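Chemist: So TrEMBL says this about it:
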- A:Ser128: active site, charge relay system (ACT_SITE)
- A:His169: active site, charge relay system (ACT_SITE)
- A:Glu196: active site, charge relay system (ACT_SITE)
Number of protein chains: 2
Amino acid sequence: MPGTLLVIGGAESHDAGDDAILERFVSLAGGSDAQLVVIATASEAPAQREKEYVEVFHRLGVERVTPVRLESREDANGEPAVGAIERATGVFFTGGDQLRITTAVGGSKVDSALHARLSDGMVLAGTSAGAAMMSSTMILGGSIASVSTSSVQTGPGLEFLPGVLIDMHFAERGRLNRLLSAIAMFPHELGLGIDENTAILVDTDAAVFEVLGAGAVTVIDAGPARRINCPAADQPIALWGVQLHVLPAGHRFNLTERTPMKRSEEDHAD
Amino acid sequence: MPGTLLVIGGAESHDAGDDAILERFVSLAGGSDAQLVVIATASEAPAQREKEYVEVFHRLGVERVTPVRLESREDANGEPAVGAIERATGVFFTGGDQLRITTAVGGSKVDSALHARLSDGMVLAGTSAGAAMMSSTMILGGSIASVSTSSVQTGPGLEFLPGVLIDMHFAERGRLNRLLSAIAMFPHELGLGIDENTAILVDTDAAVFEVLGAGAVTVIDAGPARRINCPAADQPIALWGVQLHVLPAGHRFNLTERTPMKRSEEDHAD
């Protein structure tokens with residue numbers, strides 16, 4: 001059974017009756033039988049974030065929810081954390097600063113355990129910073145003011161979803177330019193701009209994702225670009241012939257072929 | 001001689017030594033022999049805007065700069081305004097609210113005079129609201145939060161540049177979604193997102209534009225889109241296979257063929 005990734009663009013709704021994304025996470029992780037781990041390492045107020053998610057997962061019918069506090073490399077190499085991951089059917093990374101995740105977790109025993117559990121079929125979810133860190137190359141920060149090599153900073157992520165570059169809060173923070181800047185420099189990566197309260201659910205085996213939630217996922221594919229010119233520093237980048245797709249809930253995308261796919265319910269239609 | 005349009009994405013620099021866009025306008029309109037008209041109808045503080053532009057055009061060596069105040073339909077049908085347009089070699093529309101321009105000027109004698117002078121070879125420039133009103137369909141307002149039919153309001157512009165939909169302050173205000181929303185509904189129009197302190201210089205005869213200024217022009221072409229689904233109201237729109245180009249200064253674009261072109265200095269290269 002392939003592992004499942006749930007990559008959320010931030011600010012997913014926690015309200016009862018309007019929490020489809022978190023409900024989907026719970027359901028994929030086993031519903032009331034789920035054993036969940038919440039990792040709020042990205043946050044500067046981890047206790048508060050842990051409390052929030054424990055409460056919402058309890059409300060969604062999961063009894064066993066364990067916050068795992070990873071504040072140091074020592075924590076991330078410690079038996080308690082590794083044991084919790086090994087028992088988990090679902091792990092949730094909260095938002096905050098993605099560098100706090102990679103510096104604490106990258107290359108640790110928890111990192112290895114997460115990859116192993118994902119291969120075993122676990123559900124790994126992350127929102128905002130917890131989403132950004134999922135790809136091989138992640139966006140660390142940047143500016144929306146122009147498309148230039150200085151408009152975006154990238155670095156290695158935790159490699160749960162290779163081949164993509166994920167940006168979050170995409171529409172809400174007007175981040176097209178910083179994603180285009182990154183994709184112009186690294187066109188072998190596919191750019192995924194995920195709106196708030198919106199997610200992609202990735203079947204890692206099939207390399208197909210489906211969009212969930214209220215907003216859309218903007219896919220930027222510079223593979224077919226006929227011209228990319230990346231001058232130094234803050235000089236504007238030229239990009240000719242980028243493919244762009246806007247995919248709302250229900251739409252699917254094949255990450256290998258880089259093409260949108262019909263929605264499941266349309267498989268036998270037209 | 002074909003007329004020239006200078007369509008500026010707002011906030012063009014007025015600083016001495018950093019005023020390339022306005023300098024280009026002056027130079028195209030005849031340099032020190034130019035006879036310029038400034039129309040600040042879009043603004044709620046027209047006197048202040050007029051003063052600003054008169055000052056900068058004087059500094060750029062033009063003696064004859066006439067602010068033409070069009071506060072009513074009566075003004076826009078009056079002989080003084082029409083006479084000023086007929087004598088002008090260049091007309092500049094300031095920013096503000098594009099509806100103030102269309103409601104005062106649309107269908108008036110000034111409107112006709114502007115079109116006639118443009119055909120005769122005049123330079124017509126506009127920034128921000130003065131840029132938005134140039135196309136046949138203009139964006140009136142909208143939201144950046146999603147791609148949906150309710151994310152953008154459009155209406156008829158003054159039709160100086162048919163076939164395009166212009167959005168301005170594009171990168172700075174993160175307006176991809178509202179431009180995509182408009183283009184999804186009206187894919188026969190080409191979307192042009194113009195950054196601040198950035199402009200397109202349009203040769204209306206050849207239907208070719210060149211990019212000027214500090215930022216870039218983002219071209220959204222939904223012509224080749226394989227799928228566009230526009231559900232009602234605020235439901236997210238689906239768009240598959242939109243072409244996107246990012247064109248910084250020096251890049252040219254053929255509006256008829258909807259293709260980027262090499263820069264002038266590259267014509268005899270590769």
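Cβ coordinates come from backbone N, Cα and C, glycine included.
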Chemist: Cα-Cα, whole number of Å: A:Glu196 (active site, charge relay system) versus A:Ser128 (active site, charge relay system)?
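Modeler: Just about 8 Å between their Cα atoms.
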Chemist: Would you count the other CB atoms within 10 A of the CB of A:His169 (active site, charge relay system), including those on all shown protein chains?
Modeler: 21
Chemist: Looking only at Cβ atoms, how many others are within 10 Å of the one on A:Ser128 (active site, charge relay system)?
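Modeler: Other Cβ atoms found within 10 Å: 24.
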Chemist: Give the distance between the Cα atoms of A:Ser128 (active site, charge relay system) and A:His169 (active site, charge relay system), rounded to the nearest whole Å.
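Modeler: Spelling it out, the Cα of A:Ser128 (active site, charge relay system) and the Cα of A:His169 (active site, charge relay system) are 7 Å apart.
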Chemist: Starting from the Cβ of A:Glu196 (active site, charge relay system), draw a 10 Å sphere and report how many other Cβ atoms land inside it.
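Modeler: Around the Cβ of A:Glu196 (active site, charge relay system), 23 other Cβ atoms lie within 10 Å.
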